[in-house]
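**Q** Pasting a structure below so you can have a look.
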Amino acid sequence: VRVRPLTCTETRRGDRQVVRSLGDGTIHVSAARHDATFGFSAVFDAGASQEAVFEGSGMRQLVELALDGFSCTVFAFGQTGSGKTYTLMGPLAQSKTQPASPALLGLMQRSFACLLEQSRNRGSDLGLSASYLEIYNEQVRDLLSPGPPCTLPLRWSKTRGFYVENQLSVDFESLEAIASLLLQALNPTPPAGSQRRRTSAHALNTHSSRSHALLTVHVRSRAAGARASPPPTRVLQPSACPSKQGTLCFVDLAGSERVKETGSSGELSVEANNINRSLLALGHCISLLAKPRGKRTHIPYRDSKLTRLLARSLGGSGITLMVACISPSSRCLSETLSTLHYASRARRVTTRP
């Protein structure tokens, strides 16, 4: 759980701080008629640095597991304006010409640097490719395709599970190239990445994400000096240096929000309702997955596009980190409690990687 600082607007308005960390992964919420304590793997208060979140959340271990061939996912969840995109990507105002301070870089950029560091330490060659999708109004759109983002169908197969048909995957020669993709994503000028992602301004956030975004990095690693596979016409011998194929998926969820609090109407209201509906479906799946294995009923992954795409991460063979972002403001108490209860249920989910 990460608690963001009070904003200038909240301070001027006289909002009280109702959330505080007690240490050892414990967080306390104290307000009129509400007094609750929650326990998590780690809690980062308003003073925690981006580096502290990377090292203390287990993100470095996820990178190492992806290099070992595991399917790893990190997703940020919380109210709109709670700091999800900042935690994953760092400041919005960064570009190739105006890079962010290294201290402010998010989990994504730090993970890419860690991938490079680990591959060098292990003496392995890396093959990298990436795909970038958004779910907007229950439509899956490819953010890397040339031209306007195109809607793609979501399919199911026994071998692959749920997958996006005709999804564009881009090969990269270096980790710097993936970082460049992220800079394009944060830069509000065309042509590629999540500057094409839907965002809008409303009462709670001047740059609110109106879609769920999924950046998946496919990591193929092989020990340096390993021989290339012989032609298929020859008898194949077991390789002494087998390759490993893992994935590292970053999910920036759109913010949960109360429509009346944001002042949304028209198209913004439709977007908010679709966001809340998909997050509700995600919460329902998490609640059922948190039950003991013998007491589980059918897990309704098909209830939304989001839960279909996260099915393998939530209850399958993946390893998943959830970063729950919350506001300490008394005005956001209801959403903060909702996020903490949501995260408490997620903590009880066990996967079998």
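The first residue you see is number 1, and the count goes up from there.
Every residue gets a Cβ built from N, Cα and C, even glycine.
Automatic, uncurated: that is what TrEMBL annotation is.
Note that the coordinates shown come from a computational prediction; the quantities given were computed from them, not determined experimentally.
Found this in TrEMBL, in case it helps:
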BINDING   G78, Q79, T80, G81, S82, G83, K84, T85  ATP binding site
DOMAIN    1-349  domain 'Kinesin motor'
**Q** What number of additional C-beta atoms lies within 10 angstroms of the C-beta atom of S82 (ATP binding site)?
**A** 27
**Q** Over the span of the domain 'Kinesin motor' (1-349), how high is the average pLDDT in this prediction?
**A** 83
**Q** State which of the following binding-site residues has the fewest other Cβ atoms within 10 Å around its Cβ: G78, G81, G83.
**A** G83
**Q** Taking Q79, T85 as the binding-site residues to compare, which has the smallest set of other Cβ atoms within 10 Å?
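**A** Across Q79, T85, these binding-site residues, the one with fewest Cβ atoms within 10 Å is Q79.
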**Q** Inside 10 Å of the Cβ of T80 (ATP binding site), count up the other Cβ atoms and send me the figure.
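**A** Other Cβ atoms within 10 Å of T80 (ATP binding site): 24.
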**Q** For a quick check of packing: other C-beta atoms within 10 Å of the C-beta of K84 (ATP binding site), how many?
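**A** Its Cβ shell of radius 10 Å holds 26 other Cβ atoms.
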